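Listed features, source Swiss-Prot:
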{"type": "BINDING", "residues": "48, 50, 52, 54, 56, 59", "note": "Ca(2+) binding site"}
{"type": "DOMAIN", "residues": "35-70", "note": "domain 'EF-hand'"}
{"type": "MOD_RES", "residues": "1", "note": "N-acetylalanine"}
């Protein structure tokens, strides 16, 4: 979804930075990817799988897999924190 927008090295670095359980911070992740605020908006439209205009908990849980199919799912705690702070 982000081919040509993000460098593979940036994606790998961002994923490595949150590989450990309960280490995900969405601001740090987007910064590591080099996403601009406009690109972040586009990204959220992509992970809104049901096109409801909202990011549901289950969609957010699989957030990292949008960047790499082998990435881990977010924990319940990480998902809840991201929903509250986003």
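Using N, Cα and C of the backbone, Cβ positions are placed for all residues, glycine too.
Feature map: Swiss-Prot annotations on the structure.
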{"residue": "48", "record": "Ca(2+) binding site", "contacts (Cβ under 8 Å, 6+ apart)": "54, 55, 59"}
{"residue": "50", "record": "Ca(2+) binding site", "contacts (Cβ under 8 Å, 6+ apart)": "56, 59"}
{"residue": "52", "record": "Ca(2+) binding site", "contacts (Cβ under 8 Å, 6+ apart)": "none"}
- Note on the structure: residue 59 (Ca(2+) binding site) -> DSSP, reduced to three states, gives helix
- Note down the number of other Cβ atoms within 10 Å of the Cβ of residue 59 (Ca(2+) binding site), including every protein chain shown. 17
- Query: Among the binding-site residues 54, 56, which residue has its Cβ surrounded by the fewest other Cβ atoms within 10 Å?
  - Reply: 54
- Item | Check: same-chain CB within 8 A of Ca(2+) site center, minus 48, 50, 52, 54, 56, 59 | 47, 49, 51, 53, 55
- By DSSP, what is the split of the domain 'EF-hand' (35-70) into helix, strand and coil residues? 20 helix, 0 strand, 16 coil
